[in-house]
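Engineer: Here you go, one structure.
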Amino acid sequence: MQTNLLSQQFNARSLAENATACPANATICNGTSCVLLEDNFNETLSIILSTVLTIMLALVMFSMGCNVELKKFWGHIKRPWGIFVGFLCQFGIMPLTAFLLSLVFDVLPIQAVVVLIMGCCPGGTASNVIAYWVDGDMDLSISMTTCSTLLAMGMMPLCLFLYTKMWTDSNAIVLPYDSIGISLVALIIPVSFGIYVNHKWPSKAKIILKIGSIVGAILIVLIAVVGGILYKGSWIISPKLWIIGTIFPAAGYSLGFFLARVAGLSWHRCRTVSLETGMQNTQLCSTIVQLSFTPEQLELMFTFPLIYSIFQLLFALLILGGYRVYRRHRVKTKTDVEKTEEKEDSTSTSSHAKINGGFVSNEAK
């Protein structure tokens with residue numbers, strides 16, 4: 001009788017300790033690591049913000065389309081060397097890099113799978129905004145994003161089948177083709193309207209583009225903040241995933257730029273391919289992860305897409321800052337050289353005039 005009473009007291013104490021360690025509505029509780037069910041507030045907030053962000057994203061892509069010239073865009077489609085290089089980066093370099101990082105850091109199988117899912121995702125629309133700010137080839141950027149999203153319907157299952165066999169059955173991963181299709185439509189329709197506006201009213205298109213580029217920059221930061229709010233219940237994950245989430249986007253940017261340069265693309269197209277390679281569609285990755293895994297599995301890698309999103313944004317901002325500093329220095333240097341040349345020309349002309357009795361030739365005037 002006394003043993004039963006002590007056992008009941010011990011169980012009650014354990015429950016009390018767990019109650020303080022984790023919220024009562026946690027679906028998983030292991031020490032202080034919890035995955036929470038979305039409450040009504042989070043669900044309502046998610047719906048409202050998703051609607052607002054979708055509308056804003058459509059407007060941003062409309063403004064990006066205002067910087068696309070139909071002839072150049074069609075030229076990339078007819079002679080798709082740049083798109084092909086981007087394809088090799090997107091579905092060649094990124095999945096292979098994800099595979100190698102998973103092996104090197106020896107992560108758990110389920111964690112390796114989420115890293116591979118991220119590597120197999122198509123390019124995100126944020127790359128178009130950053131490409132504009134670094135004076136990239138917008139026609140190539142838009143065409144690469146469109147083509148990678150379209151090709152993802154076939155390339156994602158193929159890449160996941162090839163790379164995940166040693167960790168899990170690829171059939172266990174649910175690919176949301178409807179989400180991919182929606183992303184494609186949300187990209188093509190507003191961009192098409194933007195191209196039309198640029199064709200008909202180029203002066204108005206420039207104004208729309210400037211406004212949209214600023215809104216787009218704000219939107220990228222806003223999406224990262226919103227993600228942090230909605231997924232705040234599961235930030236305790238393996239340090240290895242934090243390290244991979246830091247290295248992965250940096251590797252994508254660097255290898256994309258290197259391959260584009262080896263392929264003989266111009267500097268502004270190299271910048272474009274680099275951004276298209278490193279900036280992945282993290283929202284699509286999050287959707288696939290939530291559809292494919294149980295709450296117990298989600299605890300191990302739930303926020304990796306958000307970690308990748310944060311670091312891909314930070315590195316993109318570093319690239320943007322570095323390019324702006326380089327551009328300002330280059331323009332300043334070029335201006336100084338031109339002024340020096342003009343001064344030297346005027347000096348030589350003046351001395352020539354003195355020698356020739358004040359005569360100045362017409363070429364020197």
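Numbering starts at 1 and runs along the chain as it is shown here.
Backbone N, Cα and C define each Cβ position, glycine as well.
Residues or ranges marked as transmembrane segment by TrEMBL: 45-63, 83-105, 112-134, 140-163, 175-195, 207-229, 241-260, 306-326. Summarising the annotation, TrEMBL assigns compositional bias 'Basic and acidic residues' to 334-346. Positions annotated as region 'Disordered' by TrEMBL: 334-365.
I'd like to know what surrounds each of these features in this structure.
Structural biologist: Distant neighbours of the transmembrane segment (83-105): 76-77, 111-112, 115-116, 118-120, 122-123, 140, 143-144, 147-148, 151, 155, 159, 162-163, 167, 240, 243-244, 247-248, 251-252, 255-256, 259-260, 263, 265, 273, 276-277, 280; these residues of the same chain sit at least 6 beyond its ends, with a Cβ under 8 Å from one of its Cβ atoms.
If one looks beyond the transmembrane segment (112-134) by at least 6 residues along the same chain, the residues whose Cβ comes under 8 Å of a Cβ in the stretch are 57, 60-61, 64, 67, 86, 90-91, 94-99, 101-102, 141-142, 144-145, 148-149, 151-152, 155-156, 159-160, 163-164, 167-168, 173, 180, 183, 187, 209, 213, 216-217, 219-220, 223, 241, 244, 248, 271-272, 275-285, 288-289, 301, 304-305, 308, 313, 316, 319-320, 323.
Panel annotation: around the transmembrane segment (140-163), residues 64-65, 68, 73, 76-77, 80, 82-83, 86-87, 90-91, 95-96, 98-99, 116-117, 119-125, 127-128, 131-132, 170, 173, 175, 177, 180-181, 183-184, 187-188, 191, 269, 272-273, 275-276, 281 of the same chain, lying at least six beyond its termini, place a Cβ under 8 Å from a Cβ of the stretch.
Proximity of distant same-chain residues to the transmembrane segment (306-326), defined by a Cβ-Cβ separation under 8 Å and at least 6 residues beyond the stretch ends, is recorded for 118, 126, 130, 133-135, 220-221, 223-224, 227-228, 231, 241-242, 245-246, 248-250, 252-253, 271, 274-275, 278-280, 282, 285-286.
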Engineer: By a Cβ-Cβ criterion of under 8 Å, what residues six or more beyond either terminus of the transmembrane segment (175-195) are in contact with it?
Structural biologist: 54, 57-59, 61-70, 73, 122, 125, 142, 145-146, 149-150, 152-153, 156-157, 205, 208, 281, 284, 287-288, 291
